[in-house]
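> Below, the features straight out of TrEMBL:
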- A:1-15: compositional bias 'Polar residues' (COMPBIAS)
- A:1-35: region 'Disordered' (REGION)
- A:18-27: compositional bias 'Pro residues' (COMPBIAS)
- A:61-79: transmembrane segment (TRANSMEM)
- A:91-108: transmembrane segment (TRANSMEM)
- A:158-283: domain 'Palmitoyltransferase DHHC' (DOMAIN)
- A:204-229: transmembrane segment (TRANSMEM)
- A:249-273: transmembrane segment (TRANSMEM)
Amino acid sequence: MNNCEYQQIDPQALSTPTPTPTLPPRPAVEEERTRRKWEVFPGKNRFYCDGRFIVAQQSGVLPLTLGLILVTTVLFFVFDCPFLVKHLTVFIPAIGGVLFVFVVTSLLQTSFTDPGILPRATPDEAAYIEKQIDDSGSSTYRPPPRTKEVMINQQVVKLKYCFTCKMFRPPRTSHCSLCDNCVERFDHHCPWVGNCVGKRNYRFFYSFIVSLSFLTAFIFGCVATHLALRAQGGRGLIFALQESPASAVELVICFFSVWSILGLSGFHTYLVASNLTTNEDIKGSWSGKSGAEDPGNPYSYNNIITNCCSVLCGPMPPSLIDRRGFVPVEESLQTVSTEMELPMLAAKKEINVVGGPMPSQLPPLLCLAGSLPSTCNPPQPD
Amino acid sequence: MAETHNLQDLQHQAAVASKVYVQRDYNSGTICRFQTKFPSELESRVDRQQFEETMQTLNNLYAEAEKIGGKSYLEGCLACMTAYTIFLCMETHYEKVLKKIARFIKEQNEKIYAPLGLLLTDPIERGLRVVEITIFEDRSIGSGR
């Protein structure tokens, strides 16, 4: 009946007053307003609109990215489009508009969508895993690198233990130190979008960079055409630039962006086609550096089309962190005894007892499960 | 109705004896699949075959949610063309199957596991990492544990 560390009811422990600074006010505090889970989220993320939108702690250069795109496009529409519509075709601002909408929507979705954050292990779960590790190894000394090996498609893959999240990371999951979260299918943390890029928002990120390459190339081409048309008849480029100085600004921005964004799009197209992440590519996880035998990527379907489809058009996984769910208010002694064992986790105790056998908890629990889809849609800028 | 009453009685009377965690099975890759190996802690509580059947059905449901086929491609392409704004009004296939899974677990709890003093927690509550099985003390039986 006794678990190794987490005794649920121990009358003697109940009577000791010492390790429970939060215990006495608990019954009085039960009347406090119910809080949403995003308010007690342990990672370094910020939430807006009552948990609908999630961003990393530092928004990085997201305002700069947005600003650059907006400024360039607005200048394009105001200074170049009238001339081009008159001399060429009305489709130019139409195409520009569509591309702009795509770029901004994908950017905002990449920034505000949960990238695939894994919620941290509950204390019971962490204790269970620790017990299993200790049972198999020595009980006095903890070996520092805790790894577990699994076979995926006849290949050995090592799963590392995450000391922050207290669990063995699933394959392809990595812990982002900037956001302090484990993210599934972690690609990289992108400062330009101010968020991690992972399983859930990779498709938005990819469509952002692809549409942005088209947009910058399109604006670059149109501005160059505009200046060329103005410079016709021997009047020269300087004259054209003097007539339309905004075009010079756009040219400079687009010229420098096009190379980097096109390069990035090409790189990510390669990653999508081989079902790799930036993290794996940089670390050379599957590059077969040991000997001539190339182990290959165990997640790849060995078919470019299947890889692309599974990465970009696969089913949209749900958000696992349930930002807008309510933190259940525990009422019984069982969770109080859990608190005693872990006084330092007092602030996060509500998350830990979601699955517990509380009398009032089961119906809300099932309601939470039922309401999950409506709360976990990818956030949209309304 | 009798089973639901039993479940709530269980929560009122019983104390949690321990929790067992069934981990993910990564042998087929990153798809969501749980190990079907019968945990030794449940030996005295539930029939092995019954438990394995529950886990297998659960795995099949998750496989259905994550299946890559014509329907998911259509959903993905449609979403891409509408700049993913379609997710505002449409429930994804995955979410529909998750609701099905929640109903399945509730039904399994009511019919099979609650009378045995066990409670399965929906894996989505644990980030799809584990299936948490709470083992209740059998106070009502008076086994003197």
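Each position is counted from 1, following the chain as shown.
For all residues, glycine too, the Cβ spot is worked out from N, Cα and C.
Given the structure is predicted, the values throughout are model-derived calculations rather than measurements.
How buried are the listed features, and what sits near them?
Outside the transmembrane segment (A:91-108) by six or more residues, the chain places 65-66, 69, 73, 76-77, 81, 84-85, 193, 204-205, 207-208, 211-212, 214-215, 218-219, 222, 381 with a CB less than 8 A from a CB of the stretch.
For the domain 'Palmitoyltransferase DHHC' (A:158-283), the model's pLDDT averages out at 89.
Tertiary neighbourhood of the transmembrane segment (A:204-229): same-chain residues 69, 72-73, 76, 80, 83-84, 87-88, 92, 95-96, 99-100, 102-103, 106-107, 109-110, 113, 187, 190, 193, 197, 237, 240-241, 244, 247, 250-251, 254-255, 257-258, 261-262, 264-265, 268-269, 272, 312, 378, selected by CB-CB distance under 8 Å and a gap of 6+ residues from either end.
Using a Cβ-Cβ cut-off under 8 Å and counting only residues 6 or more beyond its ends in the same chain, the transmembrane segment (A:249-273) has close neighbours at 68, 71-72, 75-76, 79-80, 187, 205-206, 209-210, 212-213, 216-217, 219-220, 223-224, 227, 281, 304, 307-308, 311-312.
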> For the domain 'Palmitoyltransferase DHHC' (A:158-283), jot down how many residues DSSP puts in helix, in strand and in coil.
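Across the domain 'Palmitoyltransferase DHHC' (A:158-283), the residues distribute as 71 helix, 19 strand, 36 coil.
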